[in-house]
C-alpha cells in the first residue's frame, strides 16, 4: 500500500477515535465511529484477496447497521427527553437499542458472527487494530452510559459471550480465529462488571489490549498464521517463542501473571454485589478458553511436530527481538505485583 495512503488511513483512525472519546454529543460520537469504520476498510482489503474483500464487506455492513442503531437510539432519547448529551441517556428503549448497537460494534454475543470471519480475512496488523483500537470508541460510549444500561441484559450477554467464545474456539486451527474467539470471551468479562464498576471494565480492556498486542506482534514477527506452522516456528526465534508461552498463559488469566489481575478484581466485585452465581458461572466458563490457550501454548513451545524429518525446519534468525515486543511481553507477564499501584491510579 502507498505510504501516503496508509498515513491518511492511520491518521483518520486516530482522529475518529479521538472524536468519539472526547465528545459529549451523540452526533459527534456517531461521526467519530463512522470515520473509524471508513478508515479501517482499506486496511482490511489491501491484499485484494477474495477473502479480504469479503471480510471488508462484512465489516462495513455490520458497522453501518450498528451506527444506524446508535443514531436511532440517540434520536429516540432526544425525542423523548430533549437531551443529546451522551451521559443523559435515560429512556429505557434507547438504552436497549444502544446496548444492541454497541454489542454489534464490539462483537458481543449474539452479534458476534462477523468478528471471527473478518479477523480471518485481515492481515495480522489490521487484525490487531480490529481487536484493540477499534474497540476503544464503543467501550468509551458504554463507559459513559453505564449508569443507564440494563444490568440483567448485560450479565446475560456477558455469560453467553464467555460461553460461546470458549466453546467455538475449541476446534479452531487458525490463529486469527482463535484470537477472535478469545476476544469475544474477554468482552464477556468486561460486560458483566460494566453496570457495577465501569472502571474495572476499562482496566480489563487496557490489560486485554496490552496482552493481545503482544500476541499479534509476536505472531507477525514469526510470520505464523495457523497451528501447524506455529509448531515449526520454535527453531526460528526460540526466546520469543518461550515468551509467547507466558503471554498466552497470561491471556488465559493464570495467577502469577498480569491477566489474572482483572479476573480477580471482577470476581471480587461481583461477590460484593451478591452475584456469586454469575461469578461462579463466568469463572467456570473461562476454563473453556483456558483449553485453547493451553493448546496454543503447547504448540508454541512444549511440543515437536510428528515425523520431524518430513517437516522443513525454519532458519534460526539472529535478528534481536524488537524492543516494543520485549517491553509489551514484560508488561504482559509481570504487572500483577504492581496491582496496588494500578488500583490507586484507576
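Quick reminder: no glycine exception, Cβ is built from N, Cα and C everywhere.
Because the structure is a prediction, the values reported are computed rather than measured.
Positions annotated as transmembrane segment by TrEMBL: 5-21, 56-76, 96-115, 152-171, 178-196, 202-219, 240-261, 281-304, 324-345. Positions annotated as domain 'NADH:quinone oxidoreductase/Mrp antiporter transmembrane' by TrEMBL: 23-288. What TrEMBL records for 290-343 is domain 'NADH dehydrogenase subunit 2 C-terminal'.
Across the candidate stretches 56-76, 178-196, 202-219, 240-261, 281-304, the maximum count of CB pairs under 8 A to the transmembrane segment (324-345) is reached by 240-261. Long-range neighbours of the transmembrane segment (240-261) within the same chain, counting only residues 6 or more positions beyond its ends whose Cβ lies under 8 Å from a Cβ of the stretch, are 182, 203, 207-208, 210-212, 214-215, 218, 221-222, 233-234, 286, 289-290, 293-294, 296-297, 300-302, 321, 325, 329, 331-336, 339, 342. Take the transmembrane segment (96-115) and the stretches 5-21, 56-76, 152-171, 178-196, 202-219: counting Cβ pairs under 8 Å, 56-76 has the most.
Ranking 56-76, 152-171, 178-196, 202-219 by CB pairs under 8 A with the transmembrane segment (281-304) puts 152-171 at the top. Over the domain 'NADH dehydrogenase subunit 2 C-terminal' (290-343), the average per-residue pLDDT in this prediction is 81. Residues 124-125, 127-128, 131-132, 135-136, 139, 143, 175, 179, 182-183, 186, 189-190, 193, 225, 240, 243-244, 247-248, 250-251, 258-259, 261-262, 265-266, 322, 324-325, 328-329, 331-332, 335, 342, 346 of the same chain sit 6 or more residues outside the transmembrane segment (202-219) yet have a Cβ under 8 Å from a Cβ within it.
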